Structures are given as structure tokens and as C-alpha cells.
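Student: Structure in C-alpha cells, see below.
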């Protein structure tokens, strides 16, 4: 009490969930201000802010410490309550819970924050802030550089010669259509919450979940590594052509590409390892070079052609050349529309270059939509304009100045060149032309005003794209590694430096790119990349579509210029194009994704990202549940939907495993826990996880009740939804009924009576060693806590008893029960004493459908007469055959009228001796009063009427389960007498005993309608 006496007088609250506040008057205000200022320091939230708003943010934090006008513990709305990120060294602030607000006494002493020391805070303050980029440098320029790749300079003119201007525009617009729809989907997903690092993988995984996000993360990372190889090979080809032009070939044309490519990708790796700041500066330099290159190119199209350029096919803007190049002229094995599309499409795949470094952007939600759309518009216009300039160049030219025609030439001459004063007939007929759109990849160099600038632009475009892909692949792969979806890749997720650079992933990407650079064939690599990126776009579009149709309240993108139907169209067209371009590569891509998808689905990683798949599952479940409510019940569709009174399921694993054996993937199972005291949500979550780890398909429903009877009655009425409601109550046998209080027995038996009165079926499971393993866990827990230096009894007093046991259950997978073992060829003996509608037969049949019970044989025992034994057996076999139940044998019991053995009768009477009323030894008045005060008392009249009904079963060996019909007591039967009856029916057996009774309505039928 000394600590309490030292506190200031007055009403106050001090909670880990709300800032400390004091209320009082006079001198206490000084204490309040001092305490509040020392304990309520600035809270750093890991969110990017505009530098000019630091003071506003600080002011808003101070406002967040104000209490609500309703209560000193109630906090006003504040941003920090909604943030997931926490500052290093302190706990995140959280609003007070309802439990805290409802507390009568506001005395909670844990500190609000775990503060670091001043030295650590000072060191942290000196740490350099990571580099962050805006929408221009971080997204637009990066996407434009990635789109302006090697295809623009080396293949666009060749594609135009093959497809013609019209179909080239179609190819460009088709590519832009796919990428534009994908960019709208990316913008919608990126603006539906704060985007972290990981780019396309992050968006897909957080929208569709890890099952689809994991596979596409692997494929997308690999595709970016291939993109680096593609652009590096394009750059190497340009260098190779220069070497050939100046007679400086090192080895041969193929090996020169490999040598230059290896050196280039190594230099790019060193730039990437230097950090994002150096990489960004390099990209800006490349962008300026490209701007100069484009200006030089378009100016060159208006400069009159010299004879040297005319000999190579360039004549400036001519109508006849435009008309000639308008239509396609397919040549070679690659001369078809879809092959041209496959080669061109990689030039449009750079739309995710900005999104891939989303973790390095100042404001990803604004930068990604604005920068991506602006980049697509700008690059599309440039591609269309450059393809039109193909009207300036002939498809075939020799490059020989001697092929010019004299003024009065009258010899043979074919082709458009004759009208322009050049005779290229010889090389056209022999297909030996070295220049022109169809033969030279250096057409842009020919048209430009100053050729070397085109070479510089080509170098800048290819190197910038290669560098962007080299940076994107490790960033995406790092995010995938940190999510721990796949094993053995976590090594590559480690980050270094202020920008958390994935250096290990950089090295891995380098070697993957190097392997494909050694192929040294641009046209071989391009179709592979097209398939991988089309698959990524298909899933991004499908993510947007799926998130939209689920109508989840959490889907609220601030970007409104999208449609779920255009997203679906984009997804479908991407898949179609995959197969039209390269069908074998599409099959390989889908095969890889399906394999990775299957692995994630099997492993079920413990992540919860609030995906649209979860929202869709909820919608489907809700829709089907509502639809099912309007369908009348039919006996053919009857399923034993069980409410199992397990208490905490981990304390009665045998009961859980047994019911799960015949309800898994068949019917509803609800584990009901009737609470005599409040249990926290954390414990509820742990029990659900325990069920999931045990692979039991069940719901867990705790219910506050004053007694077992009250809780079970309410659960039977309230549990479930629509038709998905329990129709059978399952409970364990009360083995201690003779030692416990009579009121407890009365409560237990009345629960069974109420179930019968509510027209529900009843199942009671009894095992020789009992069902409750609390004592066993406590014994193990004492040893475990003693090793740790703690006392289990202390934790049980401080925490809820179930909480203490759950701590132990978390450390071990759980006790294995007999129902988890293979049952072999044992028998399932069913004593169908009373016709209850067939539930007694249905449950054993459902057991035999399980793999563990498949070899067990069902034997049915029925009551009959010795004289008609064979007829009754035949009649029962016919009935069971009509029910299509696989019953091994039917046995007719003919000694049902035999009096009980004296030892069995004596045991029965001894078990109820403590509950006898003994009316003959008392006066009528006291006996009547005792019967009124103790309804569980058994009168002599009731005992005499019951004597002939007692049976005690001898033990049977090689029996998996012993199933017997539960007797239905008449009204007024004392609870103790009924418990003794159930005890007599099930005692003495070493196997599990199931006492079962349906609700007297058919659950089996042999009709088909």
C-alpha cells in the first residue's frame, strides 16, 4: 500500500491501453502535467510524411492524447490507433478495450510504452533517412525507360516491315490495351490501402491471398530477371554490330554478344549494389539521353536524304512508300502476326517498374496511378509516331551507290525503287539485300539526323531497362522471402543499409540473368518473358475483378477510374494471348504456377492478409446458407449435425476426435463450451487454432451459462445458422456421477431430458479411462513450469485455468487418442435395441467411410425370439440391404427376457444405494418432504418397476466401438436412477461405448425420391 499512498489523491486512470490522465483540482494539476508530459512522449509511426507537415503531425499527436468527453479513459479518434507499424523500442498505442472502459476501478499499472535509453534514441536520431522518390522520378521516368527498351530501337522497324503500318498499329494498341487495363487494376489495388515493398507480388498476394500470391511472386521475380537478360542482350547486339562495322570482332558474332553481355550485367550489378540513390541518378541520366535521341530522330526524318541514305532505302516522306508499307509482307519462318506480337510485347511490360519499388516511394498511393498512366500515354504516342516514320524507308535496298538509275534508263527494273531512281531488282530477286526495313535493324540510325545519338539512345534505353529489371526482381523476391511462404529462400530476404537493400537477392538475379545472356538470342528470350508477364497481368486484373465482386467493405480504392468488367476482360485476354503467342511456354508457365499453388495450399502458411478470397468465401457461405433455408428437409440429405459439449476442446480430445471422425467433410460439428466464468478472446482463438492443428473441421462456440442444463438448452436453440443447425447433442458420460453432488447429476440428466423434449438426437460417449485429460495436463504442466522456475498453481490463480493449460498445449501438439489410430479389422458392434429412425445405424456407417475405419466390420444385434430367430435375421438383412448399408453380420439376441445375474443386480443396487428414499423406514410426511427436496431420490415403487430392465454387458474383445441404443425414460424418472441405468448399459467394456438415440424420425430411406 506504500506505492498507492505515494500517488496523488483524486480520480485517475493509468492504463497500457490509454494515456494516463488525472482529474482533480488545486496542486494536483502540476503533478498531472508533469506526469503526463514525462510518460506521453512523441510517438513515431513508420509512415512517410511531408517534411512541411512535421509540426502539424506533432500537434495531431498531442490532440490524440486528449480523452473523450464521455470518460477520462476514452480516447478521441487518432491515426496511431489504426497503424500496424510500430516505432523501434516502444509499443504501439491502442485505444482502451470495452472491458477496460467497463471496469469499475481504473487501476492498471503496466507502462504505456517500452522506451529505449537516451543513448539508443540519440543513435537512432542520427541514422540517415532512407531515400524516397516522387511520382516523376520514382514511377513515370522509371516506367518510360523500361518501356523504351531495346525493342524500340532494334525491332520496331523490322516488325513494321513484316506486319505493315496498319497491323503494327494494331500490335501496339493491343499491347497498350492489355497494359492500360492492367495499369487501371494496379492503380485501384495500390490505392486500396498502404502499399509496402514487393510491387506486383505484394498487390496480388494481399488481394488474392498467399495461394495465388506466392506462385506469381516466384514467376514475376524470374520474369524480371529475364527482362534484365533481354535488354542486356539487345545492348550487346548493338555493340557487336559496331564491332563488325569497324572490323573489331573479338571472337565471333555470337560469342561477342556473350562477352559484352557478361561485362555489362556485371557493371549494372555494381551500380545496383551502390544503392537506390545512385541507381536513380543513373536512370535520370539515361532519360535525358533518350530525350535528345528522340529529338534527333524526328528532326532527321525531315532532312533531305543524301545519296548514301537513298542507296540504303531512305527517301524521306513519300506517299508511294507509305502506301507500299501500309500492308504486311510476311517473310521467313517468323513471319506471322502473333510472332510479331510476341516479339513486340516485351517492350510494353515495363508498366510495373514503378510499382516494383513501391517501398521506396514517398506516397505509393498517389505515385503509382499517376506515374504509370502518364508513362503509358507518353510511350504509346512515341511508338505510334516512330512506326509511321517507316513510310520513309523501303523494305529492300542494296546500299550500293552504283544501283542508282541514269536519267534515260530503259532496262529491266522492278519494284518501287525504280520510281525513285534506284534499281534494287537484283538484290530483291536474290534476297541478298542488306539494307531496308526488312533486312537491317539499324533503320533508326539511318533516318536520324546524327547517327551516333541513336546509338547512344539505344545504349541508354537498353541499359536503363536492364537496370530497372535488375532492381525490380530482387525487391519483389525479397518481399516473397520475408513472407515465409516457401522454404529455403529466407536467406535472400535479408536487407542491408538505410534502404534495406536485398544484396543477396541482387546476386541471385545476376546469375539468373547471366545464364540467359549466354543464350545470346534476342528473339528466343522475348517470347518467354511475354508469357511470364502476361500471366502476371492476368492475375493482377483478376485480383481487381475478384476484389470488386466480393463487395467487401474493405475494398475502397481511392482510384475510381476502373471497372471490374474491364479488369475481367484484361485477365481473359492476357490468358488467351499467352496461348496464341507461345502455347508451349504458356503450358510451362501454368504448370509451374499450379505446382507452386498446390504447395502453398497444402502447407497453409499462417498469414492473414484479409484477401478477397476470404471475402468471396464469406459471400458464398452466406448466399448458400440463405438459399438452403428455403429448401425443405429431405431424409436423403439428412446429416448428423452435432453440438458437442466438449468444454475446452483440448481437454477432451477423444470426444472431439470421435465426433470429427464421422462429421468431417460430411456434416456440421460445433464444439460447445459452457462457461461458468468469462474467458478472453485470446483463449478462444487458441482453441480454434488447436482444432485446426488437429485437423478437426469444427466450430468452437463458448457460451456463458450458470449451469450445464441452461447453457446446453440455449446452445441447442441458438447455435448454427438457418439449416446449418445442430440436430444431435453429443456429450461425454459422467463417470463421477456417484461421487459428485446430487444437483450436478440432476443437471446432467435434465440436459438429456431437455434434448429429448426438444426433439433432438442424443449421443453419449464413454471410455474406460474417461474423456477429461485435465489432470494429465496438469501433471505434465507442473514438470514443465518447474523446469522454467514457475509454479503452475500460481499461473492458474493469476490466469484463467484454461489459459494455463493452453500455454502447455501450445508447446506440444496434443495427446494422441485411440480414434486417431488405424482400427484394423476390428468389429463395430451395433445393438439396435430400439428403432429410433436409423441414427444408430447411420453413425457407424459414416465411421466406416473414414480411412482409419475402412477395414472395420459392422455387426448388428437385434432382439428376437428363439422360435423365429432365422426369419427375423433374414428380415433384418433385407432391410439393411435396402438401406445399402455394408453390414457384415446380423445377430439375433434371444435371451432378452432372461433375469439379470445376481452379481449384476447387486452391483446396480449398490450404485444407487445412496440415492434411495427408503420410504418403508420413514413416516409418510418426512418421506414426502425428502422427495420434494431431492427429486433425484429413488422411491421403492420406482425401484421395483425397474429391476427387470437391468442388464450388464460382459466385455468383448477386438471391438473398435460398442454402439447401443439409449433408453428414453418416462416422465418422473429420477436422475440418479437413469444414470445408474446408463451406467449398467455401458460398464465393464474396454472399448469406447457410444450410447445413441435418434429423435424417432427417419434418417434412412430406401426410396430414390
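A Cβ is built for glycine as well, from the same backbone N, Cα and C atoms used for every other residue.
Summarising the annotation, TrEMBL assigns compositional bias 'Polar residues' to 31-54. TrEMBL lists 55-66 with the feature compositional bias 'Basic and acidic residues'. The feature domain 'Amino acid permease N-terminal' is assigned by TrEMBL to 70-116. According to TrEMBL, the feature domain 'Amino acid permease/ SLC12A' maps to 138-643. Taken from TrEMBL, the feature domain 'SLC12A transporter C-terminal' covers 652-778, 817-1008. Per TrEMBL, the feature region 'Disordered' maps to 1-67. According to TrEMBL, the transmembrane segment annotation covers 133-154, 166-190, 259-278, 285-305, 337-359, 371-394, 450-472, 503-522, 528-547, 567-600.
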Student: Name the range, of those listed as 133-154, 285-305, 371-394, 503-522, 528-547, that has the largest tally of Cβ pairs under 8 Å with the transmembrane segment (259-278).
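Tutor: Comparing 133-154, 285-305, 371-394, 503-522, 528-547 against the transmembrane segment (259-278), the winner is 503-522.
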Student: Per the definition of 3+ C-beta pairs under 8 A with sequence separation of 6 or more, do the transmembrane segment (337-359) and the transmembrane segment (503-522) touch?
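Tutor: Counting Cβ pairs under 8 Å (6 or more apart in sequence), the transmembrane segment (337-359) does not reach the transmembrane segment (503-522), since there are fewer than 3.
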Student: Same chain, outside the transmembrane segment (371-394) by at least 6, Cβ under 8 Å from its Cβ: which residues?
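Tutor: Distal contacts: 135-136, 138-144, 147-148, 152, 156-157, 160-161, 165, 168-169, 172, 176, 179-180, 183, 186-187, 294, 297-298, 301, 313-318, 321-322, 324-325, 347-348, 350-351, 354-355, 416-417, 420, 424, 436-437, 443-444, 446-447.
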Student: Looking only at residues six or more beyond either end of the transmembrane segment (450-472), which have a C-beta under 8 A from one in the stretch?
Tutor: 142, 145-146, 148-150, 152-154, 199, 224-225, 227-228, 230-232, 234-235, 238, 242, 264-265, 268-269, 271-272, 276, 279, 282-283, 285-287, 289-290, 292-294, 296-297, 300, 350, 352-353, 356-357, 444, 506, 509-510, 513
Student: Restricting to the same chain and to residues at least six past its boundaries, which positions have a Cβ under 8 Å from a Cβ of the transmembrane segment (166-190)?
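Tutor: For the transmembrane segment (166-190), the nonlocal Cβ contacts are 156, 159-160, 200, 203, 207, 326-328, 337, 340-341, 344-345, 347-349, 351-352, 355, 358, 364-365, 368-369, 372-373, 376, 380, 383-384, 387, 390, 534, 537, 540-541, 543-545, 547, 557, 559, 561-563, 566-567, 569-570, 573-574, 577.
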Student: Other than its close neighbours in sequence, what residues sit by the transmembrane segment (285-305), given a CB gap under 8 Å and a spacing of at least six beyond its ends?
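Tutor: Here the qualifying positions are 141, 144-145, 148, 314-317, 382, 385-386, 389, 392, 444, 447-450, 453-454, 456-457, 459-461, 463-464, 467.
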Student: By DSSP, what is the split of the domain 'SLC12A transporter C-terminal' (652-778) into helix, strand and coil residues?
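Tutor: Split by secondary structure, the domain 'SLC12A transporter C-terminal' (652-778) comes out as 56 helix, 26 strand, 45 coil.
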